[in-house]
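**Student:** According to Swiss-Prot, the protein has these features:
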| type | residues | note |
| --- | --- | --- |
| ACT_SITE | Glu174 | active site |
| ACT_SITE | His249 | active site |
| ACT_SITE | Cys370 | active site, nucleophile |
| BINDING | 19-28, Asn110, 137-138, Arg213, Asp251, Asn364 | substrate binding site |
Amino acid sequence: MNAQEANFDGLVGPTHNYAGLSFGNVASLNNEKSAANPKAAAKQGLRKMKQLADLGFAQGVLPPQERPSLRLLRELGFSGKDADVIAKAAKQAPELLAAASSASAMWTANAATVSPSADTADGRVHFTPANLCSKLHRAIEHEATRRTLSTLFADPARFVVHDALTGTPALGDEGAANHTRFCAAYGKPGVEFFVYGRAEYRRGPEPKRFPARQTFEASRAVAQRHGLDETATVYAQQDPDVIDAGVFHNDVISVGNRDTLFTHERAFVNKQAVYDTLTAALDARGARLNVIEVPDAAVSVNDAVTSYLFNSQLLSRADGSQVLVVPQECRENANVAAYLDRLAAANGPIGDVLVFDLRESMKNGGGPACLRLRVVLTDAERAAVTSNVWMNDTLFASLDAWIDTHYRDRIAPEDLADPALLDESRTALDELTQILRVGSLYDFQR
């Protein structure tokens, strides 16, 4: 059956800021308390979406979540009118106000894990929103994520949107940032690849400096609820040493697409066994795995973390050729730039490299791959997505003007205490739901 991979990028929200909330994410910690530019951040992401859509890739948009989250702040004991809640939180616990104000839902690679209909037992596309329970500012996202996905993918004959797994460390789930899929063609049955950082109920290596956010148990549970074929499901453990070096998700150290795995040599525990298992599973489905392994001598783990070489999008053009979408930081790192030049000239599976300015997102630890959720859809499934979320000239112009109207060009930590920011955000989101035709998506609209 004919199918295409669509990328749904998260629009950066109006409260985009640098609060250093993500322990284990080096860029996030390094830029803590610096001033952010939400308008620039949103436009950088929007331009990436538009350029990829112009190149013929299926490109969708996911709306931001409402921030600051008054629901969280009230749950934490702050009371009164909305402005009073914000003022009390700013005075008594500014770190909690920062968590409630984070625009981290922009990184939709963490929104959910998605299995296409070609892989599932019931022949429907399955979504499991990630519980993101390792970080407070992200653990509050999954309910709104489920609501958004249920709105966009509403046809129960074609789509299943599950609840998130129970938010406990034993089931820590970070979504598609630790998942990829290999296949001969998008519409054919494929091999789903889950990468975890630790296992809750069996002994094994674990990082010592930074936490492993994804558990084996969570990955297995997602695969089981999606009804995946066990012979086409592969699990691998991320090397704990690279987690300690700042690789907080697998998509910071490897990326896959169709029959290609682009990875650092230190990405996995027992890497050869991982490659062999993937190869055997993919062979059974009519494709041969191509592993492009980047040696540590050419690009160190530190180079990978600072440039986000592997937090790239690997996309297939209609003619089957592949393009690697990287942040401009890859061109600013001499080792990575030299490697990419050799890669493009090698006449291998990856024939082209596209470079984007995503500086505002990168300063919070999010590159091209963080900003998108991959959803493989057949023609009929795509037609069932009736909201105005597919990027084109008209939607781009509407969103670009919307950003100009509603977004600030500077937010410093102290600005989160401004009650006007809540009103500005709600006004913007209310208008956005009309642009995207998603109905009353937010609590304040209900």
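The backbone N, Cα and C atoms fix where each Cβ goes, and this holds for glycine too.
Describe the structural context of each listed feature in the structure shown, including burial, neighbouring residues and relevant distances.
**Tutor:** Remark: Glu174 (active site) has Asn110, Ala130, Leu132, Ser134, Arg213, Gln214, His249 as non-local neighbours, by Cβ distance under 8 Å and separation of at least 6 in sequence.
The Cβ of His249 (active site) has 26 neighbouring Cβ atoms from other residues within 10 Å, across all protein chains displayed.
The Cβ neighbour count for Cys370 (active site, nucleophile), using a 10 Å radius over every protein chain in view, is 27.
Neighbours of Asp251 (substrate binding site), defined as other CB atoms within 10 A of its CB across all chains, total 29.
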**Student:** Nearest to Cys370 (active site, nucleophile) in three-dimensional space, by Cα, is which of the binding-site residues Ala19, Leu21, Asp251?
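**Tutor:** Closest candidate to Cys370 (active site, nucleophile), judged by Cα separation, is Asp251.
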**Student:** Just to confirm: which same-chain residues, 6+ apart in sequence, have a Cβ under 8 Å from the Cβ of Arg138 (substrate binding site)?
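**Tutor:** For Arg138 (substrate binding site), the qualifying residues are Ser102, Ser104, Asn110, Leu132.
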